[in-house]
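Enquirer: Here you go, one structure.
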């Protein structure tokens, strides 16, 4: 005869399998996109070889079909990443949480239970902090392989093989994920309604919560990271129903912090764009035969993160303990603020280096024009080593260790327990929105700094006339202003929490 415990255990396993099945479907999207991308690259390579041999290219639906398959594959990859990235981080952090079953021990006094809860919370915070640091370490390690080894394979053996390897790796990762399904921790969700009569319908609650929040939003501070108290909304181990209006308020209170981090996200876009453009005009050769690709310097960011991350708790935290005279050394919001400060330094260094490059370029340009009998020389190589760009790359990498990891932990910890995925989505959306804002800022500056009389804008293709130094100073000033308001908000939240 099947008892109630067996029924409960069976239901829990079925729930785990259902969640894993949803994960499986989500992870299939980027895998399908990678398969389509690999197939498109291989077809293009085959057609290029075929056209080369026969000298007859068939025009018509071929290029259109290839372009359509390319954009479709990129769309599937983007859709899949947007689906599983925030879920995967929240899911991984949930595995480290101490659940209610861990407290079902021998009877103890209220004082002992309170001490045990505090110890469990401290243990959870340390585990989550460690998880997010090593999570980002793994991402940067994979990214380093992408910009180094995979770039070499793509240039040497073609795009088909370059895309096939990550496709196989992505497909192979699904198998070990499914094998661990029975061991995963699944946070129980609240029922659709409660004994108190609160409806948990998400759409209805969203509408009602926004109305109520807009009319009577209370100025409650975020919890201090130094406090021994729990997050803004606790994990609610007894499955008590949390007012959905309060849940919405807790998310809306994060929006000012979210907005102040957008400048960091804009700076985050520079290494792949203008830093690389700077490097293309600088001396890149090592010896007489090897030429450094400008984009390769982006690996300096990943290398600095990989080298710093293992020593973060052993070296960085003890230094901050001496400075702040706190046992924790530095809390999450302080960590984000320090990373923003480092990004300001990085942009200032980038502006100084660009100013130096322009001075050298304008000094040697008349001699080159006279020697070549030309009216313009936009592609000259400035006799300034590309390694002068390394400090700005390295400092940006160090700032990522503080700000990006801090953002992950902050947005995960400061949302209600059943909205952890939304918290991670908020973290990722900072960089998505920051990318769009970076493009809009460039377009706006392009309009302001150019005119119909032939005046060059800050971003002209002629790097001898471009003024990236002014753009870098603008980013540094804007980021400093953002950091100032970030510091005011931090003091406000701490003062209200005392």
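From the backbone N, Cα and C atoms, a Cβ is placed for every residue, glycine too.
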Enquirer: What range among 222-243, 332-353 does TrEMBL record as transmembrane segment?
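Expert: When 222-243, 332-353 are checked in TrEMBL, transmembrane segment belongs to 332-353.
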Enquirer: Among the recorded stretches 134-153, 159-179, 332-353, 393-412, which has the greatest number of Cβ pairs closer than 8 Å to the transmembrane segment (290-312)?
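Expert: Of the candidates 134-153, 159-179, 332-353, 393-412, 134-153 scores highest.
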Enquirer: To the transmembrane segment (393-412), which of 159-179, 332-353, 471-493 is linked by the most Cβ pairs under 8 Å?
Expert: 332-353
Enquirer: At a C-beta cut-off of under 8 Å, are there same-chain residues at least 6 beyond the transmembrane segment (332-353) that contact it? List them, or none.
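Expert: The answer is 225, 257, 261, 263-264, 267, 270, 275, 278, 324, 388-389, 391-392, 395-396, 398-407, 409-410, 413, 469-470, 472-473, 475-476, 479-480, 482-483, 486-487, 490, 493.
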Enquirer: Could you name the stretch, out of 159-179, 424-445, 471-493, with the greatest number of CB pairs under 8 A to the transmembrane segment (251-270)?
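Expert: It is 424-445, which has the most Cβ pairs under 8 Å.
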